[in-house]
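So the structure is just underneath, and the comments pick up after that.
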Amino acid sequence: MMAALYPSTDLSGASSSLPSSPSSSSPNEVMALKDVREVKEENTLNEKLFLLACDKADKYGGALLKIITAVIVVISSHGTTVLLWATVTKKAICLLLTGDYYMVKKILEENSSGDLNINCVDVLGRNAVTITIENENLDILQLLLDYGCQSADALLVAIDSEVVGAVDILLNHRPKRSSRPTIVKLMERIQNPEYSTTMDVAPVILAAHRNNYEILTMLLKQDVSLPKPHAVGCECTLCSAKNKKDSLRHSRFRLDIYRCLASPALIMLTEEDPILRAFELSADLKELSLVEVEFRNDYEELARQCKMFAKDLLAQARNSRELEVILNHTSSDEPLDKRGLLEERMNLSRLKLAIKYNQKEFVSQSNCQQFLNTVWFGQMSGYRRKPTCKKIMTVLTVGIFWPVLSLCYLIAPKSQFGRIIHTPFMKFIIHGASYFTFLLLLNLYSLVYNEDKKNTMGPALERIDYLLILWIIGMIWSDIKRLWYEGLEDFLEESRNQLSFVMNSLYLATFALKVVAHNKFHDFADRKDWDAFHPTLVAEGLFAFANVLSYLRLFFMYTTSSILGPLQISMGQMLQDFGKFLGMFLLVLFSFTIGLTQLYDKGYTSKEQKDCVGIFCEQQSNDTFHSFIGTCFALFWYIFSLAHVAIFVTRFSYGEELQSFVGAVIVGTYNVVVVIVLTKLLVAMLHKSFQLIANHEDKEWKFARAKLWLSYFDDKCTLPPPFNIIPSPKTICYMISSLSKWICSHTSKGKVKRQNSLKEWRNLKQKRDENYQKVMCCLVHRYLTSMRQKMQSTDQATVENLNELRQDLSKFRNEIRDLLGFRTSKYAMFYPRN
């Protein structure tokens, strides 16, 4: 609906606003008044009324700028009057659409008495200010605001349209004290309560949604408060009340707030550490996607946006020095390595934090990977440029002489030779050679096993057993040190550590049971006469399972290969999906096992033939279903066609055909559900997992490789097993130094020295923080510049661009016409005549 150009509430008011006599009006005004009165006498209201008013506007032109074209009042059954329809001429709307500044100014000057309704709206519910903002006529916008045009939602419209100049004008405009609202304005609010503000958002939230850096800068300068969302699952009084009153609005409001906080422009303007804030936001959004499952896609998209922002910000680094400052920065909440800080050590704290927050895009970024390669090879940077044959010879040489190299580092860790061994790449080769030696000992263990001691119930430990124990103690000590420095949560998040923990536990249990058997049993007997849970038998079973895990641990070395690495990652993802499938399969297996066991376990008697029993016997009846465990085995191996189950054969008389039929139906249904449906579902799930990894193969592989590399960057586990259990001179020096510092700290001289050391450490930390802030400012500036250039390069000829061009040409035409003194526009009738 369109508001009246002259406000009125009834017919008498409308009539009083019309010219009193035809003699005082032009012929066009008289004819227009007559046609308007004829329109008022219509008994029905429909779209023809509005079209007729527009036609009259075309016919009489400027005359309708001084009168109302249509005001219809309907008398209800109770006698009350309600304002239904009002309109303004198409000519007046065109003045705003074409941006004719001089004409609009003249109309406002001639109607300064207040009779003109400057807050009229068109059929789309837009008032003059809204139309002016959408057409980017900033001079007309300033003019309308000066004359007191209503601008309740103008700021939101300007922000939504991303008109920076309009936002600046509206923020700096100080409106005059408004009078009491008229009936027309009140009716507009009642009829359209959600006018223009379709979202329950504040200006700063809407600007953050549009990710407009300039508009956000203006708003933040006005001391606009930023929203702070409550934690996930917050049960405070405010959240409980909002959720109880309107759960949808509460969820939508939370989503709008996080969409605001995830804006890269807002993060750059409000955060001192944008990269850290992006990490934390992505983690919070990922957690919210698991709680607010209705808006999961929205939260996951926002989390991906934060990850991409951190990646794009890192991509603005131009040299290795900037990358080193960024990747080694430690926030105030993270634990600090004072010794590493004083020694200018490469700690890569920010990179470790990125891996903790699962920032695959950040870690796999090209600049980050190149810096990692530089640190990984260290003083052996020329290795990458060597031919393939020389690379193989280098690896074989280090792998063969790894014990000698370990002893050299153990004796002189600070020498030039020791620094080369301390290189992460060299540590990886030496640790790999040590592990291959451990696997070789496992193979030798099966070869040197004495057959004469096979029937010994408590055999003694061999020499090779003691060598294996040394290696196992070394691997356990390495895991303990890693657990101490990383913490239990971070240690268990790595699947390689989980496998190592299980493997070492099995080996410890194996040798502990062997020692128990040797001390308790000294007799000889055939193995078939031993107890089923004899310590020696249990130890052999655990040892066999531990050997399987030991060889499977080699899969983690495939991560360093660009060919085998993606396959190893795909295999890990498939195992996770298989675990999900297993939950469904076990439920189906348990259901059918219960049914078949209850059907066939009644009246069971043992058979005379004992030479052919079990599920693999081809001449058996349904005896395999007499127990729960036997039924489970039968149904499991039935999937692979290895269980011989006679479905239509029973143990009872031929008169029990119903029982046989029910059993056949149950097994047949199991065959359809499991063999046909679930197995095909498993194949589809595994294919989807492999395809998911294949689509992001490079990112997944680089992220997994970076996790493996980081485990060799510190100096916590330089020597491989079993040399790591030998106290090195470096460890002894560190212990003596720490003990002497602790003793001296209790003396007056030691306290002064400690205060100076702390002051030096604080100064160095402050200097590093200042360098980080300088680098971050440079990255933000480059990011904004690149985004602006990208937007300019991708701009195409759209309707909005053509409208802007049309507005500019209209302004240029008006200025030229004013300078030359011509009044040749089609609205020349409205200009004053000379």
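Cβ coordinates are placed from backbone N, Cα and C, and glycine is handled just like the others.
What TrEMBL says about a protein is an automatic prediction, not a curated fact.
Per TrEMBL, the feature compositional bias 'Low complexity' maps to 7-27.
According to TrEMBL, the feature domain 'Transient receptor ion channel' maps to 234-296.
What TrEMBL records for 1-29 is region 'Disordered'.
The feature transmembrane segment is assigned by TrEMBL to 67-88 (among others).
The transmembrane segment annotation in TrEMBL covers 392-412 (among others).
Positions annotated as transmembrane segment by TrEMBL: 428-448 (among others). The list of residues near the transmembrane segment (428-448) in space but at least 6 beyond its ends in sequence, with Cβ under 8 angstroms from a Cβ of it, reads 395, 398-400, 402, 405-406, 421, 462, 464-465, 467-468, 471, 475, 547, 550-551, 553-554, 557, 560, 712, 720-721.
According to TrEMBL, the feature transmembrane segment maps to 578-600 (among others).
Positions annotated as transmembrane segment by TrEMBL: 628-649 (among others).
Per TrEMBL, the feature transmembrane segment maps to 661-683 (among others).
With a threshold of 8 Å between CB atoms, the same-chain residues lying at least 6 positions outside the transmembrane segment (392-412) that come near it are 383, 386, 418, 421-422, 426, 429-430, 432-434, 436-437, 718-720, 723, 726, 728-729.
Residues 622, 625-628, 631-632, 635-636, 651, 659, 662-663, 666-667, 669-670, 673-674, 678, 681-682, 685-686 of the same chain, all 6+ positions outside the transmembrane segment (578-600), place their C-beta atoms under 8 angstroms from a C-beta of that stretch. Assigned with DSSP, the residues of the domain 'Transient receptor ion channel' (234-296) fall into helix, strand and coil as follows: 53 helix, 0 strand, 10 coil.
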